[in-house]
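As written in TrEMBL, here are the features:
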type	residues	note
DOMAIN	130-474	domain 'PDEase'
BINDING	HIS206, ASN207, SER208, THR209, HIS210, ASP247, ASP380, GLN432	AMP binding site
ACT_SITE	HIS206	active site, proton donor
BINDING	HIS210, HIS246, ASP247, ASP380	Zn(2+) 1 binding site
BINDING	ASP247	Zn(2+) 2 binding site
Amino acid sequence: SVSQQTWDSGISLTSMMPFSRRRESIVRGHSMNIEAPITKVINIINAAQENSPLSVAQALDKVLEILQTSELYSPFQHQEISTDDDPMANDFVEGLMSQNVKRKLSGHDIQRISHHGHGHHHIPSIPACSMSQIPEPIMKVLNLDSTWDFDIITLETLTNKRPLVHLGLKIFSRFGACELLNITETCLVNWLQLIESNYHANNHYHNSTHAADVMHATAYFLDRERSKEIFDQQDQVASLIAAAVHDVDHPARTNAFLINEKHQLAILYNDQAVLESHHASMCFRLTHKDPSVDIFKNLSSEDYKVMRQTIIDQVLATDMKQHFEHLSKFTTSITKNLQKLEGDNTDTEGHEADMNAVLSDLSLHENRTLIKRMMIKCADVSNPLRPLKLCKEWAYRIAEEYCQQTDEEKSKGLPVVMAQFDRKTLNIPKCQLAFINLFITSMFDAWDIYCDIPELMQHLQINYDFWKAQEELKDKEQVTSQGMDNS
């Protein structure tokens, strides 16, 4: 027989198959081995269901239903957090996290593209300064830059709204940026001046003072003991650069506004992370414009690639649309391991070995990336954890900027994405409480486990209590006013 002949001759049946059939089999075999992790998880759950009690099988059905959605990290997708009964929280979700605003237009649709956010690409003619040339009153403030109580508003006043150049020079010097980048102090100052000149000084909130404030918070977090153990100098300097540029050329309007207005930036970036993409792009466009400001010019191609990737990743992480995804990944990969160690306070060799293992795990590239994302996110919205005086100042500034957006939306007939920020009905205490409850508390609880920041958490409680008291006072005044109107 043919089979006997092929066997005797040492030729397999496979070798006699038509080439097309053999190729098809090989391709199918390879494709079956390429399986996404989520597919493996679903297959394991399906297999577990077969021999499970009905109650377990039904619970696993729910797990499968959740896993097969596209928004695994958004609590709103599965209604774990409901904002329906809280208009203020709903405003923050719609205005800061949603790309598709569902509110009705407040008037006719305006299709004209405005020109918010045109930056200044020229190199400023402001004389360069150095650490030795900084005036004594400014230096007195800068010398407190390693403390959390650092007064950025006073620095803003003393520097005539140029805090980023001065604080940036101080912090970059402290972290050895010029040595790492192999540049002169003059080059660094030129770059800081160029970046600061491309922040809009007339913005109430998103200006170079906010950038300097975020840079200060980032430096503070980098100074924590655990961060020192995990990050190298390249991580540190890249994180500080990301903080300095993270809102450069910000138009004082939200992503949702730009999308609704059909702004040129929304068109350019396809409605995805519009501002964050623009800030990251502006950073490198400005930096590479001239050798006198190019702080990356002396890096090797590999070091530049890593530095650029880190900066872009951190700036994009400030997009609030991805807030719960970043928080969930950080909690799952970072804080849960640290919490396990907190439960074991015995001073044993085993505990020390566990701690070393966790630190080694945190130092992995993928985990350092998660930590750096969370670091700039926390720095970006750290106002509610500042001393009360600063906390209040920032609250009034962001409220004014959002109210200006509402004014413009109404005047142009655009959707009003954050209706609570209306001058006629504005309630700043209620706004602050909603923001803290929705975004701040859970994120900083997780960050505190990693970073150990009791001073900041104490400020958060003090500030929360202040806004709560202010809200109650405002409610009482409103009730009294209504009673007088009805009498």
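Quick reminder: no glycine exception, Cβ is built from N, Cα and C everywhere.
Projection of TrEMBL feature records onto the structure.
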{"residue": "HIS206", "record": "AMP binding site", "Cβ neighbours (10 Å)": "22"}
{"residue": "ASN207", "record": "AMP binding site", "Cβ neighbours (10 Å)": "24"}
{"residue": "SER208", "record": "AMP binding site", "Cβ neighbours (10 Å)": "29"}
{"residue": "THR209", "record": "AMP binding site", "Cβ neighbours (10 Å)": "27"}
{"residue": "HIS210", "record": "AMP binding site", "Cβ neighbours (10 Å)": "25"}
{"residue": "HIS246", "record": "Zn(2+) 1 binding site", "Cβ neighbours (10 Å)": "28"}
{"residue": "ASP247", "record": "AMP binding site", "Cβ neighbours (10 Å)": "26"}
{"residue": "ASP380", "record": "AMP binding site", "Cβ neighbours (10 Å)": "21"}
{"residue": "GLN432", "record": "AMP binding site", "Cβ neighbours (10 Å)": "27"}
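Within 10 Å of HIS246 (Zn(2+) 1 binding site), counting CA to CA, the binding-site residues ASN207, THR209, ASP380, GLN432 contribute ASP380. Taking the centre of the Cβ atoms of HIS210, HIS246, ASP247, ASP380 as the Zn(2+) 1 site, the nearby residues of that chain (Cβ within 8 Å, site residues left out) are HIS206, ALA211, VAL214, ALA243, HIS250, THR318.
In the predicted model, the domain 'PDEase' (130-474) shows an average pLDDT of 96.
The record assigns HIS206, ASN207, SER208, THR209, HIS210, ASP247, ASP380, GLN432 to the AMP site; their largest pairwise CA distance measures 22 Å.
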